[in-house]
Amino acid sequence: MKPITIGVLSYQGTVIEHIKALSQLEGVTPMEVKTLPALQAVDGLILPGGESTTIAKLLNIFELMEPLRQRILDGMPVWGTCAGEILLAKEIIGEEPHLGVMDFSVRRNAYGRQIDSFTQYAPITGISETPVELVFIRAPWIESVGEKAQVICQVNGHAVAAKQDNMLATSFHPEFTQDLTVHRWFAQQIEQYKYR
Ligand code: GLN
């Protein structure tokens with residue numbers, strides 16, 4: 001794999017977990033991103049899990065919301081896990097959207113209280129035919145999808161991952177497992193984008 005730098009938006013949430021996963025991939029330099037120069041330095045970006053409202057607030061305070069949206073629209077590969085998926089959604093049920101770049105609507109905390117955290121196994125179309133360990137923590141699900149996005153994973157009848165051009169969103173947290181499949185796939189997308 002040729003050298004690439006993958007950023008992790010580092011205001012709040014599963015930052016360390018993503019950095020640890022990325023640092024196990026050959027050719028990948030992980031980098032924390034909080035500022036505009038850091039955003040400009042990375043070849044691709046992960047939006048971690050956490051609290052989407054908090055992360056959105058900090059994106060606005062650091063004046064990174066617009067530059068980030070622009071880099072995504074310019075083609076930079078981006079992957080949002082859980083809260084990150086919510087940040088990417090065009091529509092959030094009952095709330096205003098944040099980045100609003102992916103053509104689907106999400107329902108926050110969709111699984112309710114009793115089963116707000118659980119693990120499942122399912123294949124992810126285009127990423128892994130073998131079922132992957134999926135960890136859900138107060139997760140959203142994808143309620144409905146527009147024409148531009150494609151559902152690539154379903155669990156118990158609900159869409160939990162989608163792809164659209166350079167963007168990937170997952171309701172679950174591969175960074176909380178030992179399985180590097182999704183991180184490796186994302187790194188390959190970034191390599192192709194950087195050395196195209
Ligand atoms: N419940 C959080 C939110 O709505 C997401 C949880 C997570 O990222 N694990 O932002």
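Positions of Cβ are set from backbone N, Cα and C atoms, glycine also.
Per TrEMBL, these features apply:
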type	residues	note
BINDING	GLY50, GLU51, SER52, ARG108, ILE137, ARG138	L-glutamine binding site
ACT_SITE	CYS82	active site, nucleophile
ACT_SITE	HIS173	active site, charge relay system
ACT_SITE	GLU175	active site, charge relay system
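Shown on the structure are the features that TrEMBL records.
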| residue | record | DSSP (3 states) |
| --- | --- | --- |
| GLY50 | L-glutamine binding site | coil |
| CYS82 | active site, nucleophile | coil |
| ARG108 | L-glutamine binding site | coil |
| ILE137 | L-glutamine binding site | strand |
| HIS173 | active site, charge relay system | coil |
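GLU51 (L-glutamine binding site) has CYS82 nearby among the active-site residues CYS82, HIS173, GLU175, counting only those with a Cα within 10 angstroms of its own Cα.
For the binding site of L-glutamine, formed by GLY50, GLU51, SER52, ARG108, ILE137, ARG138 according to the record, the largest Cα to Cα distance is 13 Å, rounded to a whole number. Ranking the recorded positions GLU51, GLU175 by the number of CB atoms within 10 A of their own CB puts GLU175 at the top. Cα proximity to HIS173 (active site, charge relay system) (within 10 Å) is found for the following recorded positions from CYS82, ARG108, ARG138: CYS82. Separating the Cα atoms of ARG138 (L-glutamine binding site) and GLU175 (active site, charge relay system) is a whole-number distance of 15 Å. Highlighted in sequence order, GLY13, GLY49, CYS82, ALA83, ILE86, ASN109, ALA139, PRO140 have their Cβ within 8 Å of the centre of the Cβ atoms of GLY50, GLU51, SER52, ARG108, ILE137, ARG138, the residues recorded for L-glutamine, and are not part of that set. When Cβ neighbours within 10 Å are tallied across all protein chains shown, the highest count among the recorded positions ARG108, ARG138, HIS173 belongs to HIS173.
Least crowded of the recorded positions (CYS82, ILE137), judged by neighbouring Cβ atoms within 10 Å of its own Cβ: ILE137. For the pair formed by GLY50 (L-glutamine binding site) and the residue listed as 'active site, nucleophile', distance between Cα atoms is given as 7 Å, rounded to the nearest Å.
Between the C-alpha atoms of GLU175 (active site, charge relay system) and ILE137 (L-glutamine binding site), the distance comes to 12 Å.
Cβ-based crowding with a 10 Å cutoff singles out SER52 as the top-ranked of the binding-site residues GLY50, SER52.
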